[in-house]
Amino acid sequence: MTGTDILALAACGLVAIGLYGLVAQAEVLRKIIAFNLLGAGVFLLFGVVARRGAGAGLAADPVPQAMVITGLVVAFAATALALVLTLRLYQITGAATVAEDPPEPTAPDS
Amino acid sequence: MTATTPEGWLLVLALTLPAGAMLLAFVAGGRHAQRIALGALALWLVIAFAIALQVQRGGAPLAYLIGGWQPPLGMALRADGLSAAMLLTGAVVLLAVALFGRAPYATPRGAQETRAAYAYWCFLPALAASLAAAFLGGDLFNLFVALEMLTFTALALACLDGKPSQFKSELRYLLFALIGSVLYLLGAGLLYGAHGTLDIALLAGRTRADAPTLVAGALMTAGLIAKMALFPLHLWLPPAHAGAPAAASALLSGLVVKGAFVLLLRLWFWVLPAPVVLNGGTLLAALGAAAILIGSVVALRQERLKLLVAYSTVAQMGYLFLMFPLLAAGDAETASRAWLGGVLQAVSHALAKAAMFLGAGLIAASLGHDRVAALGGAARVMPITVIAFAMGGLSLMGLPPSGGFGAKWLLLRASVETGQWWWSLVILSGGLLTGGYVYRIVAAALAPPAPGCEARPVPRAQELCVLALALASILLGLVPLKDLGLVRVGAP
Amino acid sequence: MTAGLLLDLLLALAVLGTAAWTLAARSQFAAVIGFVVTGLLLTLVWVRLGAVDVALTEAAIGAGATGVILLYVVARLRGGEAEISAATPSRAQRALAALLALSVGGALAYGVLSLPDPAPSLAEAALAGTAPLGLGNPVSAVLMAHRGLDTLLEAIVLVFAVLAVWSMAADHRWGGRPGPVFQREEHGPLSLLARILPPVGIVIGIYIAWVGADSPGGKFQGGTILAAMWVLPWIAGLVRPPSVTDWRLRLMIAIGPLTFLAVGLAGFVVAEGFLAYPPGFAKPLILLIEAAMTLSVAAALACLIAGPPERRRRA
Amino acid sequence: MSFLLVLAPLMPLAMCIALAWPSARAHVQKRLWAAPLPALIVALLVGHVPPLVADAGGLRLTLLLDLPGALLLGGAALLWSAAGLYARAYLGDQPRFAAWWLLTQSGSLGVFIAGDLGSFYLAFAVASLAGFGLVVQDGTAAAIRAGALYLLLAVLGEIALLFAFALLAVGAPGESIAIADVVPPLAASPGGAVTALLLVLGFGLKMGLVPLHVWLPVAHPAAPMPASAVLSGAIVKAGVIGLIRFLPEHGAPGGWGTALAVLGFLTAYWGVVAGLAQRNPKTVLAYSTVSQMGVIGAVLGMGIVLDIGASGLHAAFYALHHMLAKGALFLGVGVALATGPGARRWVLPLALLLALGFGGLPPTGGALAKAAVKDELGAGIAAWCAALSAFGSTLLMLHFVRRVMDAAAAEPEGRAPPGLLGPWLGLGTAALVLPWLLLPVVGADAGKIWSLAAVAPVLLGAALAWPWRRIADRVPVLPEGDLLVLARRGAAPREALGRAILRFETLFRPWPAAGLSLLAVVLGLLAAMAARPG
């Protein structure tokens, strides 16, 4: 087992932890953190793939690295968006989870 | 080897025009944003039409190598029949919805810019750019970025009203969609590790049914169907689509979910090896069948019009999955039929559902509520809307002549031909249930108004947008099969 | 067991340990701290993987910016205990979730460990494709040329995100300045930091963006640092963001992708096609795009951190 | 000449579209009667009209006119025309009614000349579904209920047909979807029985074969008079032409024929028995239609059993008479209701003649219709069954005449306006005369109509009608749509099932459940993909 394999297993572990957190934690904020852990695991996997593709005098394959950089920025934008929604939800309704509301009475809305 | 085809520049234009328009609208704001968006969307329709024409006439996909770099290092945009058909559908629906939105999202001369109008006119071209990226992308990672573009756009459009109740359902949508994207990305990473490329055309020749490919396929598929709200992963769709303003719901239900669908087709019929498709397709179709039956029954029992239409989307998305085992199991002739049937379903549902959501929005705006039981009098105030809604419903039911009929007929025939007749029972009972919920609404709308019911008249221009979309979904059924051969160009 | 292997093992265990602790943390604040620590450890992992560019990005965006924005929200969020405990899944559901998540992780591990050896790689091709552009950093070459479309779309995604964040504002607050109002602190550590750090930070940020062409670094990393240098005085109440309807702010956010798009389209005329660079002019053009993008990334990240307008429009 | 074929369905369609312009509305409504004229002309030209084949993008659309089709097309055109004239006087200006009327008419006429699966299905669907608008015209609660039932069964029928057509298209060699190409292989194909069953289901629903007849006695009384006339006269014939076109002329297994014949006779008797227990004259007529369609089913069934190639033509002739006579009777109900008791005796003779025609009273057209199907129903046990049915029909029709005469008019000396009288007289005359003129076409022997075997059921029926008159009022009323009572009993379990599905769906809506499902889907997909095929 090489060092890269160990880090690969760490990536899988991060994915599992992230998935668990997303499913099993109630607060939105914790879900968002778990999503970021999951994302970190995925990016780490790209890193492992890049490392395995080292060659031509490069320490790692640059293509997956470029993808990770792109992915990190997108993930940050998604996190920011989710957090703003969380904050707005909290400001308006005081809710900190996305549990389903009890079925609303059929009030007119327009 | 991909090479840039002579008309490949059209693909670049299809992507950059709406993207550029969005950026300009973003900077300019106010009244300019609306003008830029409308102009860009009209032009976009022309481009989409030109692409479809080129693909149809040439009988071969268009391709463009970005920067002249050959995959695997570089990346390509490709337009086969599927891309062209979906692009054209997207352009038609977007333009109709844009025209529909001119009244509610207007910025009068001299008035200050408002939040909703600004966001609306920026996100329409944004959606166009996202769809172009999703339909034309030839690289799995690039498609990931396109998926995220779609997610952000969908989210912002759904929150357009700023209704407090919407934030929770949108947060659920965002979180679920993000898990979907990440699972997709995870699979893409594995595929790159196994094959050293994410170019779809190159992967097509390289994949085998080995462990990395299988795991990647399962993860990416699960991620994509979470974004398509296939049963049992549909929790987010009904509240998100029902709570959004009418114009946004039409785009979400009609177009956004189709982006993930195109990706799923690319994954299953280009990237994954045949035996995997054969084995896994049945599971997808089984989930699709459950979506059709359960979604339709639940729709039948909804008390709110928009929720009913949203559940109808859950059911109609199920039909898209029936093509998977049919395509894998049949001979070339049958497979081609199943392919055409599936894509036609996506297109006709986009048109019909957009019309129905816009219609539902008009009805709700006019009556001040959208309780199905109290729709009486709607047909007197807005006959055109109710007729358009019913026409969309006919197409969903699969009655001739309509695009929905063509789609369901082709799927039906393919299911009989492959000996998998049980899917035809699903298709037919789904049609009956669909008829049930469409009848419920139309009959309620035809009923005399309840005493004390005050319905406001709705703008004729908006009604005509709805009618145009519904007519398009009907007229699709009158297009001769030969002209639908477009969809077969470059099919798997 | 070599030292390197031991280091990898320790790093892996530390990452997993902090990640698990992050989930288990009693308070939300502790969870965020756990997440930031995990992110910093991951930066080390990236260095171990030979990906210094990514390590910088992870430090700047993954741990840094994400951590800041998480903290900022935690400080303003107070969930009701009853609501949270009602929404918490039952013990059986959590056990099932753990089982399924572990199974997915296990399947993934099986898939990863059976990746082919030697691994397919584009390292050689990327290196060969870097030289003609006059760049020294193949990652930058991939980002700006070979996979330039990804980067362009990603830059556009940032604009989408800013717009989406803004559009979450309440209607009557449209036209106001983004984010909450911070009390102006004339004295105190934050104020001191906010006055001293930015000049240094801005130089560092620009430097990191500038060297990206040839060595690790680039617009995203540099832009993040620039954003941080604005956020600091903002929190200290020293500066105020412009209104969301101010076209100069909007232009700053959009200038990067617009420049990228314009250069890309110019390729139709002056080079072989879209996003192609004319021979010999590749590096200057790429630097032009990077400069515009650095500005836009900084502005976009700052806006994402600040959030939607929370103050009334001033007439 | 073949362009005339296209005109037949397009003329009403064009008039329907013209209604959208307010300026054209009055003209169209005044000329409702003219819409079926191209169809009438083309039917008269049968034999001189070559089939029209249009290649539309790999899909070959065929319109053709053969002898059975021409008989039905011509009859339907006459009926639509007369009823259109009648509708003008009966309902006045009703643009919405005119729209539904013309749309239904377009499909109803098109179905007789459609020569391929696509156009047949289209025409059939248009006729079926647009008929909904005619049923609910009056807008009463009963009409809406009837309309919903009509629509539900129509859609069910469409679904059965769609499935059957898919099977047909798959079973036929090559890509052709012409009926002439897809039907012959049916008899020998392994799944043929399923296809035939689905066809009988789909067309039987339209014709009203028991137990699929429930919509007829519900919809007819609810619809306005001219609409009932075309529903009973023309639209149910879409089912007849369907069976004629889609059951193989030769070589079908005898079992199919026996089954169809048994079903037909059962329907014929059921219609009589249930009809005798009705009070509303329109309901009685609806049950009579059920009964007569049963006879046609029996004719086609026996045609298969005896392998008579021309049974389609015979059935079409029989159906033609029914079309005209039943149409005239429905119009006559309206005339009778508008006529005071004083003038009622002038209405009686024609009504009586038409009514007794269904029993086979010579020399009415009905007797000729009975003669035309002698090949099928003229010998063996079928002959006895047919005689029993003729007897029953006579009894039922006399019951109808009595019910009509009992229905009270508002004013004792009321007179039906000429707009009602004219179409009624015209159609009634056509029902008596046309069969004689067309007799050579089917080559039936008119001499036999005076034979004792032919006349006896009528006489017996007439003899028993008198005693029945006395006890009829003591017979408990059977609810309209008899078997529907059973369906209503199924409502509670259906409701429970719906609720259960709703509850099941709710299980997946909370976040943890959806998240768990997502993970399970990943693993399930992995397992499914990794499974060895087979």
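Backbone N, Cα and C atoms are what each Cβ position is placed from, and that goes for glycine too.
The feature domain 'MrpA C-terminal/MbhD' is assigned by TrEMBL to C:14-78. TrEMBL lists C:29-47, C:54-75, C:95-113, C:151-169, C:190-210, C:222-239, C:251-274, C:286-307 with the feature transmembrane segment. Annotation comment: TrEMBL describes C:190-296 as domain 'Na+/H+ antiporter MnhB subunit-related protein'.
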Check your understanding: Same chain, outside the transmembrane segment (C:29-47) by at least 6, Cβ under 8 Å from its Cβ: which residues?
Key -> 11-12, 14-15, 18-19, 21-23, 54-55, 58-59, 62-64, 66-67, 70-71, 74
Check your understanding: Hey, which bits of the same chain come close to the transmembrane segment (C:95-113), Cβ under 8 Å, at least six residues off its ends?
Key -> 89
**Study point:** Leading contact stretch, C:190-210, C:222-239, C:251-274 vs the transmembrane segment (C:151-169) - CB distance under 8 Å
**Key:** C:251-274
Practice item. Could you name the stretch, out of C:222-239, C:251-274, C:286-307, with the greatest number of CB pairs under 8 A to the transmembrane segment (C:190-210)? Key: C:222-239
Study note, to complete from the structure: Confidence over the domain 'Na+/H+ antiporter MnhB subunit-related protein' (C:190-296), expressed as mean pLDDT on the 0 to 100 scale, is 90
Exercise for review: Could you pull out which residues elsewhere in the chain have a CB under 8 Å from any CB of the transmembrane segment (C:222-239), counting only those six or more residues past its ends?
Suggested key: 60-61, 64-65, 68, 179, 181-185, 190-191, 193-195, 197-198, 201-202, 204-210, 212, 293-299, 301-302, 305-306
**Study point:** Chain residues in Cβ proximity to the transmembrane segment (C:251-274) (below 8 Å; excluding those fewer than six residues from its ends, i.e. six or more beyond)
**Key:** 148, 151-152, 155-156, 158-159, 162, 219, 281, 285, 288-289, 292-297, 299-300, 303
Study note, to complete from the structure: Other same-chain positions with a Cβ less than 8 Å from the transmembrane segment (C:54-75) and lying at least 6 residues past its termini are 28-29, 32, 35-36, 38-40, 42-44, 46-47, 208, 216-217, 220-221, 224-225, 227-228, 231, 301, 304-305
Point to revise | the domain 'Na+/H+ antiporter MnhB subunit-related protein' (C:190-296), counted residue by residue under DSSP: helix, strand, coil | key: 78 helix, 0 strand, 29 coil
Check your understanding: Tally of helix, strand and coil residues over the domain 'MrpA C-terminal/MbhD' (C:14-78) according to DSSP?
Key -> 55 helix, 0 strand, 10 coil
